[in-house]
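According to TrEMBL, the features are:
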TRANSMEM  B:12-37  transmembrane segment
TRANSMEM  B:49-73  transmembrane segment
TRANSMEM  B:94-112  transmembrane segment
TRANSMEM  B:142-160  transmembrane segment
TRANSMEM  B:181-206  transmembrane segment
TRANSMEM  B:218-251  transmembrane segment
TRANSMEM  B:295-313  transmembrane segment
Amino acid sequence: MNEQDQITTDPTKPAQRMRAGSMTISATPWIVAALVLIVLPMIFTNNSAITIMNQMAITIVFALAYNMLLGQGGMLSFGHAVYSGIGGFACMHIMNATEFFAVLPLPLLPIFGGLFGMGLAMIVGSFSTRSAGTVFAMISLGVGELIAASSIIIVAFFGGEEGISGDRTYSLPFFGIEFLKQIEVYYLISAWLMISTLLMYLFSRTPIGRMANAVRDNPERAEFLGYSARWVRFYSFIFSGFFAGIAGALFAINYEILTEENLNTTSSGVILLVTFLGGVGFFFGPILGAIVFTLVQTVLSLQTDLWAFYAGVLFVSTVMFFPGGLAGLIMMHVPAFKFGKARHLVLPYIRTLLPGLITILGLSALVEMIFHFRHAATGEDEMTLFWTTFDSHAVFPWIIAIVVTAAAFWITRRNVPGLVEAWHKANNFSGGRT
Amino acid sequence: MELVLVNLIDGLVTGLLLFMLSAGLTLIFSMMGVLNFAHASFYMLGAYFAYQISLYMGFWVGLLVAPIIVGIAGAGVERYGLRRVHQYGHVPELIFTFGLALLIEELVQFIWGKNQMPFDIPEVLNFTAFAIAGNSIPAYKIFMIFISVAIFIGLLFVLTKTRVGMIIQAALSYPRTVEALGHNVPLIFMGVFGVGTALAGVAGAIAGPVLGTFPGMAFVLGSIVFVTIVIGGLGSLWGALVASLLIGWITTFAKSYNIRMEDILNGIGISTPEYLDDNIFRDLWTITSPQIADILPYILMVLILIFRPYGLLGKRDA
Amino acid sequence: MNSSANSTPALAIENLHKSFGKAKIIRGVNLKIGKGERHAVIGPNGAGKSTLFNLITGRFPPTSGKVRLHGRDLAGLAPFQINRMGLSRSFQITNIFPKMSVFENVRCSLLWSKGYRYSFWNMVSRSQDLTDAADSILEQINLTARRDLPAGVLSYAEQRALEIGITIAGGANVIMLDEPTAGMSHSETDYIVELIRTVTEDKTLVMVEHDMGVVFGLADYISVLVYGEIIATGRPEEVRANPKVQEAYLGAALEAEH
């Protein structure tokens with residue numbers, strides 16, 4: 001189910017043809033991704049767009065590194081920001097070590113970040129990978145809190161409250177590029193995004209990467225196949241630390257400052273949220289999660305003060321109703337497409353999702369109105385919502401919001417059975433499995 | 001000597017408060033195998049509910065009613081949230097409670113805003129109970145100790161003397177067998193979750209006035225509670241008690257005695273480097289115990305996990 | 001050295017004891033299993049057969065006594081170390097990797113013995129010999145048609161076959177099967193027995209089994225375990241004729257069988 005390059009086909013096909021398919025790793029998606037990365041800044045040329053894309057790329061690397069643990073190794077970490085943070089802080093110190101930095105081309109800096117992340121992961125992993133599950137999660141939390149708290153005390157390395165800042169342009173010019181411009185940094189980060197993603201993908205196809213899955217699913221069986229579950233976890237852990245460190249280094253290059261915020265539990269929580277939202281069961285899940293999360297964060301945080309509240313609701317409902325995340329939702333539709341029946345789903349989807357969307361918008365309007373009603377300064381009764389300005393203390397807007405939400409909800413509920421039926425029809429060939 | 005006594009009392013208050021949280025968390029963990037990340041969030045809800053009720057009906061009604069509401073909310077979370085996520089496995093369960101903790105914090109900010117609430121100690125308890133060498137001990141602290149001990153004794157009574165308590169105790173050691181014996185385990189789970197979160201609610205209601213009722217209060221205490229039950233040994237109620245008191249006293253003493261790392265290092269025969277300002281270990285030399293008081297529990301936890309993974313009194317592995 | 005190695009039994013169990021709390025489950029078992037032997041351990045329910053299995057394979061530590069594999073003491077070794085010494089086992093309750101494909105299950109079982117160890121510099125899909133070896137095992141266990149399905153969706157009998165495939169894939173020379181035909185219909189049982197016969201060719205086989213048909217069809221030697229002690233060991237016909245065995249267990253079972 002969580003295989004990417006081995007397509008689950010119907011068993012009647014001869015195995016020989018399949019074998020040829022799984023021998024080679026298709027290059028097409030990688031070339032397309034590289035082209036998209038090259039072309040993107042030509043379409044979105046303004047600086048804020050490039051800032052968002054840089055942020056997105058860094059989050060992708062970090063989320064993929066995190067999923068090496070959570071999705072592929074079955075280890076839940078509540079303190080993974082520590083490894084990217086250490087990588088970032090180390091890179092800031094290298095930037096500030098003027099003589100050394102002057103002979104180091106900036107594009108090589110992330111390697112050092114990776115090595116520092118890996119080094120810390122080796123130390124912590126030596127005792128934390130003894131078991132997966134709850135104990136591992138607790139140790140990750142304890143170590144994470146410990147290092148985040150130490151960062152305030154150990155000023156020489158972490159810079160205390162202000163953090164550590166530096167200047168990336170003091171590095172050895174790389175083919176004449178000094179990385180003064182945002183766009184140059186974008187291409188540097190994109191290059192590392194491609195490299196890290198490819199390496200992490202390849203890692204999942206190596207013997208140790210395959211055994212990471214095996215240990216996740218059934219550690220005992222893996223032990224009876226000659227592998228020590230602990231060592232398998234340890235290797236996943238240090239490689240995850242390495243790529244987290246690279247993400248930290250890219251952060252250092254992009255923002256030129258690191259603070260305690262890069263290490264603390266909140267950052268660790270965000271990366272868990274991003275990864276889970278995208279879907280832990282598929283390699284591309286975290287990529288999707290990072291893109292969607294960064295976009296939603298950027299857009300929503302400009303529109304509303306309550307964005308963290310919405311993120312929390314989204315997160316909890318993802319865990320409750322779509323544990324496969326976005327990637328899981330997408331992959332659910334693969335069988336329907338294979339049977340050529342996907343088009344039968346379009347109309348029922350529109351019928352259900354459109355009113356569903358209105359319900360959600362209506363609910364969020366009500367939430368915003370309640371918030372405004374409770375917290376706006378006295379006298380400021382006017383609020384603007386969905387391009388409409390109205391008085392949040394008047395009855396009429398409330399009636400409209402409630403009626404629209406309730407009506408949309410009613411329509412959604414009424415159309416759900418139709419969608420379920422269409423879904424079963426579209427997946428009828430799969431032998432009852434959905 | 002007098003200061004030691006004052007610190008002992010202060011540490012006891014902190015420790016017992018921690019225990020009210022860790023006891024519920026331990027019960028929930030032992031029964032259901034799930035570490036409730038949002039446990040401290042219910043503690044926060046207890047404080048906020050108690051504050052809100054106290055505005056209209058006074059402190060005592062708040063103290064009584066808030067934990068009940070929190071308990072009902074907790075049972076609801078178990079029934080409609082956790083039970084659903086349970087089918088996906090342990091890791092999603094942990095993630096769910098983690099998300100819940102985030103959500104409750106945002107929810108509290110949504111309703112009450114980001115500022116600290118003016119939740120105060122009731123007038124009747126706002127006096128000095130007695131003084132030790134010029135250090136006054138407020139009556140409220142004695143009240144907190146009294147409540148915590150009363151709850152502990154009550155819990156002990158329920159667990160050892162009642163039928164429900166027997167079932168819960170059995171379920172702590174042999175969860176599957178209890179299910180096989182035909183007890184309504186889902187109902188017991190919901191009950192234990194409700195009672196556990198209600199205990200956290202009580203802790204919140206009595207701690208709110210002294211420690212402050214603000215949106216970050218769950219976060220401040222939350223991870224310490226985890227550390228406590230890990231140190232005590234996952235699933236051990238006595239371990240939770242020992243670890244709570246240990247952490248309460250360690251942090252209190254570390255804060256009130258200014259022990260400097262420099263003195264310790266000098267004491268074991270390492271002399272202070274001449275140019276401390278340029279030394280890379282400068283920060284290590286200038287560390288003082290109040291500075292690291294808050295991270296001592298984490299250090300203790302990491303050490304425990306390395307050298308005694310089952311915790312102080314724990315028997316079984318998670 | 002070579003001549004002495006030939007006389008060393010594949011598996012030697014010396015005065016093995018195991019207690020859980022006060023309950024003595026294994027009470028002094030002695031057993032020698034020669035190379036290339038097919039040895040079945042039988043006994044009534046609760047005799048301690050599965051416990052004996054778990055002691056041999058390092059799942060539980062024994063209370064006292066020794067287990068030797070090719071003459072080497074297994075005390076204190078972890079399951080993965082024992083496996084690397086050439087002992088592989090199956091489980092009574094199907095123990096596979098349900099989320100991975102059938103092919104992937106077998107390939108993972110091959111990795112260590114093919115020398116891939118913890119390597120992160122070569123990709124499994126590039127290795128033709130690994131793919132071929134996995135496919136040939138799939139052919140042996142008759143699951144080629146199911147190759148790319150998640151193992152969790154296979155039928156019970158197919159999962160049992162896969163379990164055997166995983167067990168033998170690593171090329172271990174001592175194979176231990178814990179009730180390989182438990183819960184199977186007659187035709188499924190016949191299929192698995194044939195499978196076991198072919199895949200354990202030239203190997204030492206130790207199995208726990210309830211089905212007497214399977215035991216007498218497959219085993220060269222039989223040991224009877226009753227209340228944690230072995231009351232008889234020998235050729236099937238000797239064991240069948242042994243009055244102690246008939247009294248304790250076999251007679252009743254045979255009557256039920258025929």
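From the backbone N, Cα and C atoms, a Cβ is placed for every residue, glycine too.
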Exercise for review: With Cβ distances under 8 Å as the criterion, find the stretch in B:142-160, B:181-206, B:218-251 that has the most pairs with the transmembrane segment (B:94-112).
Suggested key: B:218-251
Exercise for review: With Cβ distances under 8 Å as the criterion, find the stretch in B:12-37, B:142-160, B:181-206 that has the most pairs with the transmembrane segment (B:218-251).
Suggested key: B:12-37
Study note, to complete from the structure: Among B:49-73, B:142-160, B:295-313, the stretch with the most Cβ pairs under 8 Å to the transmembrane segment (B:12-37) is B:142-160
Review point. Who are the long-range neighbours of the transmembrane segment (B:181-206) in its own chain, taking Cβ under 8 Å and residues 6 or more past its ends?
Key: 17, 20-21, 23-25, 27-28, 31-32, 36, 39-40, 42-50, 62-63, 66-75, 77-79, 82-83, 143-144, 147, 151, 155, 164, 167-168, 171, 175, 217
